[in-house]
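Peer 1: Just passing along the structure, written as structure tokens.
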Amino acid sequence: MKFVGRDEELQKLHQLLQENNQVAIAAILGMGGLGKTELALQYAMTQRENYKGGLCWLQAKAEDVGVQVVRFARTQLDLKPPEDFDLPAQVQYCWRNWREGNVLLVVDDVTNYRQIKPYLQGASFRFKVLMTTRKKLGAAIKQLSLDVLQPDAALELLRSLLAETPERIERELDVAKQLCEWLGYLPLGLELVGRYLARKPDLSLWEMMQRLEKKRLEQAALVKPEADMTAQRGVQAAFELSWQELAEDDQLLGCVLSLFAAAPIPWNLVEQCLTKKDEDELEEIRDDKLLNLHLLQRKGEGIYQLHPLLREFFQSKFTGLEQAEEFRRSFSQVMVAVAQEIPYTPTLEEINAVSLAIPHIAEVANNLIQYVSDEDVIWPFVGLSWFYTGQGLYTQAEPWYQQCLSTVQNRLGDNHPHIAASLHNLALLYYSQGKYDQAEPLYLQALELNKRLLGDNHPDVAQSLNNLALLYKSQGKYDQAEPLYLQALELNKRLLGDNHPDVAQSLNNLALLYYSQGKYDQAEPLYLQALELNKRLLGDNHPDVATNLNNLALLYYSQGKYDQAEPLYLQALELNKRLLGDNHPHVASSLNNLAYLYYSQGKYDQAEPLYLQALELNKRLLGDNHPHVASSLNNLAALYYSQGKYDQAEPLYLQALELRQRLLGDNHPDVAQSLNNLALLYYSQGKYDQAEPLYLQALELRQRLLGDNHPDVAQSLNNLALLYNSQGKYDQAEPLYLQALELCKRLLGDNHPHIAASLNNLALLYDSQGKYDQAEPLYLQALELRQSLLGDNHPDVAQSLNNLAGLYDSQGRYDQAEPLYLQALELRQSLLGDNHPHIAASLNNLAHLYYSQGKYDQAEPLYLQALNIWERSLGANHPNTVTVRKNLAILRDSL
């Protein structure tokens, strides 16, 4: 067997023994089974060349140390201490006449240093005394506290013990690591199990684990050491030595600590479990007995932990105590109380405050739930579920939700309010994961059960109605969602009064529905009420306030009020990060929304890193198959599309569409959005035959799901008209443009970017038809509106400048057209870079102007630049590429 994982300790030990002015005394401290004796033995063997005076090994528990020293001197050194000297004098004689050179005295398993200390007086500085002990021996003695092995060292020790069959470790490497962990990386446990496995070459590591799980410390591998081992006791026998030194109250505290999970234990929880005990008395037992004997480890301020095998030992002792049942019940009640304090959306501060208690709540949920009352039985599971759900760790939360439901069903049957709560909570998890088809039947069961058990007038019924409505809203079933939201709001107000967080939630959710329907004038007052109510009830620093800010910002964004939206988005992002930490779905949502705002303002360099952060965060927290991931892919694709990076945009759009269809079904507003965006991409690439059916699908879907009066319907009408316009189907395009403009004005008011887009597009149609007098005022309105809403530095402003210049160009008003073309080109280059299709459009248009004026030498290089950009970005067969190639040919024919 190799001696592994203790090189650093050997060096430290040698340093401790290098005192040259007096006797150097050092002690190796630690619980039983750490290999203190083995470390002392290895030190003596590796450093024997430095101890020319010899090595004297003494057993502190065997007999008086003085007797052992004198016997060693007579038999090994041939010294003859005078018989008429008393024992201390004989020991002093031995020190004075000892062989020359440094001497190493090892005193193994010291329990009482005061019995040894008198014998060391008179020894010269060449004597180095090394003791092993389970106790702290006082500040005057240099001490080396020994800990368990590191995981890698533990695995290496196990390998060395199975050196003749190394394939066993490699074949079951994960099980080998679990085995080391189960043994708490304790050298004695590892050596006993390793030797046991070596004796049984046909025993798999997995089977070894099963035997340990079944018989615990009574398993044969841990009971009896082999004859050639340094340790002479099994694990339980080694711990028994320390147990015998504890008084009854000391033993009781050790047993109570074993109720906690094998994890760090906050001391205040221990005190809550032992309220009948005096706090000072508990502290004395902890410090003077358990810590002093290394039966307990201090992990930090107010934090302690039992070694896993010591925990097993104390649990085995606990079984025989009269008060065992009382303490199990008390421990369970304390953990229930902690679990009840965990909110559904815990802040980072709340997560940090409760995180150390989580393994101990899990211990109750898994092993002590029978000691929890029927009334409180759901709380350990709910607390654990909310702890993980609140951090977006849905896969870790799910088993607790499921275990809650099965536990409550087994104990209380199917007709109990706790069943409804468990169904509701599991449904909420599935909703958060985008598993809408799994969430709906659970919501419906919970609602039906709550109504039957609690009656129609109960807050739990209101919550069921609210969450079922939220599901329907997310599925685009707005007509089913609204009556449920209204019922929930009315019920909450009647039962809880106007000033309650649940009322604020209902107001917020109803506003979100109206927002999704484009009913902005109905949404805004509800959002404002919810925000004001939450601030008053919960304070400014609460996740619900961040949600309200985010939703209000989204409304203002949709209304084109970018200057009002940005500060709210920034507040929401800062609040979410501060309260929930950087790794949370709400943070991803805030990043995404802020990026979308910057995207809409043409600030692409600010938008992209935020989109990428949001996508990475959503994938990591929610998995690859989630509606939020689809939204992130769609938004990033839209950004790349706007930058003319069509080859990067298309696969992302396709991924988003496939994901949405699979998760949400074919009949969902988000699917319509994906179809519309993909069609827009194909339109921009000149793939009109691929774009049209997608536009038509998107329009039909939106009209069916959202009704005829919705901004998204206006967007579809506008895009389809734009396609027909580009195909020269002016008679089909005009009525669609007019419908889109009328709808936008009615829904969004006169001052909105969508109005500007509709005006611009209608002007483009009239321009294409040569109706310049009808086109010009519309172009001017669109330009003025965009400048006032978006500022002078925005791609849409560049588009308006370019289109207006094109109109003037067509009318031969070259002196008015040129400065506008130049402004548009300069703006596009600064915002979009030099290699964007819009740059090529500006270059082509400016070249056409110069050609029309006979300035062929200025026109040709611009045509060439435009051709180069469009060939690279759109391909050789795109209509724009074909057009510029023709323009260049015409120019060259004119030369």
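Yeah, the Cβs are placed from backbone N, Cα and C, and that goes for glycine too.
In case it's useful when we look at the structure, here is the feature table from TrEMBL:
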DOMAIN    7-160  domain 'NB-ARC'
REPEAT    420-453  repeat 'TPR'
REPEAT    462-495  repeat 'TPR'
REPEAT    504-537  repeat 'TPR'
REPEAT    546-579  repeat 'TPR'
REPEAT    588-621  repeat 'TPR'
REPEAT    630-663  repeat 'TPR'
REPEAT    672-705  repeat 'TPR'
REPEAT    714-747  repeat 'TPR'
REPEAT    756-789  repeat 'TPR'
REPEAT    798-831  repeat 'TPR'
REPEAT    840-873  repeat 'TPR'
Peer 1: Based on Cβ pairs under 8 Å, which of the stretches 462-495, 504-537, 588-621, 630-663, 840-873 lies most in contact with the repeat 'TPR' (420-453)?
Peer 2: 462-495
Peer 1: Find the member of 504-537, 630-663, 756-789 that has more C-beta pairs under 8 Å to the repeat 'TPR' (588-621) than any other listed stretch.
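Peer 2: Against the repeat 'TPR' (588-621), the leading stretch is 630-663.
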Peer 1: Could you give the number of helix, strand and coil residues in the repeat 'TPR' (546-579) as assigned by DSSP?
Peer 2: 31 helix, 0 strand, 3 coil
Peer 1: Does the repeat 'TPR' (630-663) make contact with the repeat 'TPR' (672-705) through 3 or more Cβ pairs under 8 Å, each pair 6 or more apart in sequence?
Peer 2: yes
Peer 1: Using Cβ atoms and a strict cutoff of less than 8 Å, what residues sit near the repeat 'TPR' (714-747) while being 6 or more residues removed from its termini?
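Peer 2: For the repeat 'TPR' (714-747), the far contacts come to 518, 520, 672, 676, 679-680, 683, 688, 691-692, 695-696, 698-699, 702, 754-755, 757-759, 761-762, 764-765, 768-769, 879.
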Peer 1: Could you give the mean pLDDT over the repeat 'TPR' (462-495), rounded to a whole number?
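Peer 2: Mean pLDDT for the repeat 'TPR' (462-495): 92.
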Peer 1: Counting only pairs 6 or more apart in sequence, are there at least 3 Cβ pairs under 8 Å between the repeat 'TPR' (546-579) and the repeat 'TPR' (672-705)?
Peer 2: no
Peer 1: Same-chain Cβ contacts of the repeat 'TPR' (462-495) under 8 Å, 6 or more residues past its ends?
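Peer 2: Those are 420, 424, 427-428, 431, 436, 439-440, 443-444, 446-447, 450, 502-503, 505-507, 509-510, 512-513, 516-517, 627, 664-665, 667-670, 705-706, in sequence order.
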Peer 1: Provide the three-state DSSP residue tally for the repeat 'TPR' (756-789): helix first, then strand, then coil.
Peer 2: 31 helix, 0 strand, 3 coil
Peer 1: Near the repeat 'TPR' (672-705), which same-chain residues lie under 8 Å Cβ to Cβ, leaving out any that are not at least 6 residues past its ends?
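Peer 2: For the repeat 'TPR' (672-705), the far contacts come to 476, 478, 630, 634, 637-638, 641, 646, 649-650, 653-654, 656-657, 660, 712-713, 715-717, 719-720, 722-723, 726-727, 837, 874-875, 877-880.
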